[in-house]
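What follows is a short report on a single structure.
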Amino acid sequence: SQLSPDYYRQSCPNLDNIIRDVVTTKQISNPTTAAGTLRLFFHDCMIGGCDASVLISSNSFNKAERDADINLSLPGDAFDVIVRAKTAVELSCPGIVSCADILALATRNAITMVGGPVYTVNLGRKDSLVSTQSSVEGHMPLANMTMDEIIKKFESKNFTVQELVALTGAHTLGFAHCKEFAYRLFRYSKTVPTDPAYNPKYAEALKKLCHNYEKNPAMSAFNDVMTPSKFDNLYYQNLEKGMGLLESDNALFQNPKTRPFVQLYAKNQTAFFHDFARAIEKLSLNGVKTGNQGEVRRKCDAFNSIHI
């Protein structure tokens, strides 16, 4: 690709510092920002490539990507940190830096801020000229898919099984809403209400936490109950103990194709960090727009001109 880490060296030399300052301030005041930003980046890159299409708001002419069912739970803090970063960048170097590059940099800075690996972000992406709700269907792995189905989804985007397991380590941060896994607690099957793959003590704690989830849909649990705001390898250690929150988390340990990598990363955080860094660098180059394939948006949530 035509991307390079030095793309803005002349045109916006202070870019990295500006974004780091915004991300740091936001993360300190809202500690779930890092998890949300990483998730936003993943959802953007998996659908049509890393082109900031997920940031576009719907209007009366167009239902945008972010209104697809799977994107409705993307957190406001993640969108907000990108808006703040774009505003700060525009003050320093107007019309130069794309929202897609800001999202890629903000994600990297958020990950390193909570203890994750440092990796290189190649820059020079343009922002998409299209964002449609209908384009999302079928591209994202879902929590209730079998691991073989999830492997196929990642393979269709040119990711290996090992890269899938490394990228899923992003679940070391953030949380999931009770409604996404409550069936595993209360109605797993006709004869067994609770999924026997859960560690029994963990299942009891989740039942207490989620008992009222139907009345209170905001009820949620951390993906990694041990160190929920630290980027580390405890997510994999939890999987070995039956503490995978979502069915897809548990399947990562149960499936013979993915289990060896779970066991490797549970034992060796350095290997996880190395493989995660390589996999997210690869993800960040997925479907990138350059040249006249895109634009540099003035505002991240709107195209520069309305398309009808």
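Any Cβ shown, glycine's included, is placed from N, Cα and C.
Between CYS300 and the candidates CYS50, CYS93, CYS99, TrEMBL records the disulphide pairing with CYS99. Surrounding the centroid of the Cβ atoms of ASP44, GLY49, ASP51, SER53, GLU65, where the record places Ca(2+) 1, the chain contributes additional residues within 8 Å, namely CYS45, ILE47, GLY48, CYS50, ALA52, VAL54, ALA100, SER128, SER131, GLY287.
When the C-alpha distances from SER53 (Ca(2+) 1 binding site) to the recorded positions ARG39, CYS99, THR172, ASP232 are tabulated, the minimum falls on CYS99. Neighbour density around each Cβ, counted as other Cβ atoms within 10 Å, peaks among the recorded positions ARG39, HIS43, HIS171 at HIS171. CYS50 (disulfide bond) has its Cα within 10 Å of the Cα of these recorded positions: HIS43, ASP44, taken from ARG39, HIS43, ASP44, CYS210, CYS300. Take the mean position of the Cβ atoms of THR172, ASP224, THR227, ASP232, the recorded Ca(2+) 2 site; other residues of that chain with a Cβ within 8 Å of it are LEU173, MET226, PRO228, LYS230, PHE231, ASN233, LEU234, TYR235.
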